[in-house]
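**Q** Have a look at this one.
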Amino acid sequence: MKPKVQNLIFDLDGTLLSWGHEPLPQTVTFLKELQKQGFKITFATGRSHILIRNTTQFIQPDLPVISSNGALIYDFAREKALHMTQLAPQSVVPIMRLLLQLEESFCIYTDKKVFGFEKPGIPCKRLRTTQSKIVEPDITQNNFTINPLTDASKFDFATQNITKILLITEDRGRISKITKHLDAIENISYVSSMTFALDIMHKDVNKAYGLKALEQQTGLDPQMTMVFGDGDNDVEIFNAVKYSVAMANGSDLAKQNATFISEFDNDHDGIYHFLQCFLKIE
């Protein structure tokens, strides 16, 4: 009996996107054909919705997207947030204090903007590269700013809806040390979605939490849904749907929790090859 799948949800970095940070042409063409056949496509990513917009220029999602690891559900069709779970101010204070002590670059994601912070005189290449990928209207609206780290102490977080704080470090060994300090802060969760990054959110937030909010907004059926991902932050959503696919380049934890593992990685049309076989579409 042919599996019933109506909805396809894709992580972005390391999954739908190649290492060149864009979806591959063969995969794009194939997914657009699936959309014509009635499949519903959307994304579930640690990225801010502002940093998803450039991908929507290749593939327009049929459903609202799960952004900030599940903290924000954003509908590009209506340009509005449908659901949001923010970090409490009493949690943000000790997080900010810790980050300033560490003197590492970081980003604050809100429902409207991304605020990046870097050491004065020491540009953070990852921050600069990410900022260069934003598209209109976010460029004109100045929705991604990069500021001196010293300005973070003056950031008025009490007036912002903060969905995620992203630590960026070139020293992978620091992450385990940082998490020990984060364990002492109440009502937060964290996950390392990439080797150089640590995502900090509200304690209830993960991609499965975001999926539940998407279900409530759209009526999406998780039993007719397939999710693709590659990272540790995909584990919860893998376990919340009928079918899950870890990319060939995925983490060990992602592969252990997936229904399937793709034969090819994100740089070799892994999604295209898997779906062509799974759906038996020529």
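All residue numbers here begin at 1 and follow the chain in the order shown.
Backbone N, Cα and C atoms are what each Cβ position is placed from, and that goes for glycine too.
Sharing the record's features from Swiss-Prot:
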type	residues	note
ACT_SITE	Asp11	active site, nucleophile
BINDING	Asp11, Asp13, Asp230	Mg(2+) binding site
BINDING	Leu12, Thr45, Gly46, Lys207, Asn233	phosphate binding site
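Help me understand the surroundings of these features in the structure.
**A** Using a 10 Å radius centred on the Cβ of Asp11 (active site, nucleophile) and all shown protein chains, the other Cβ atoms total 29.
In the three-state DSSP scheme, Asn233 (phosphate binding site) is classed as helix.
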**Q** Rounded to an integer, what is the Cα-Cα distance in Å between Asp230 (Mg(2+) binding site) and Asp11 (active site, nucleophile)?
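**A** Distance (Cα to Cα, whole Å): 8 Å.
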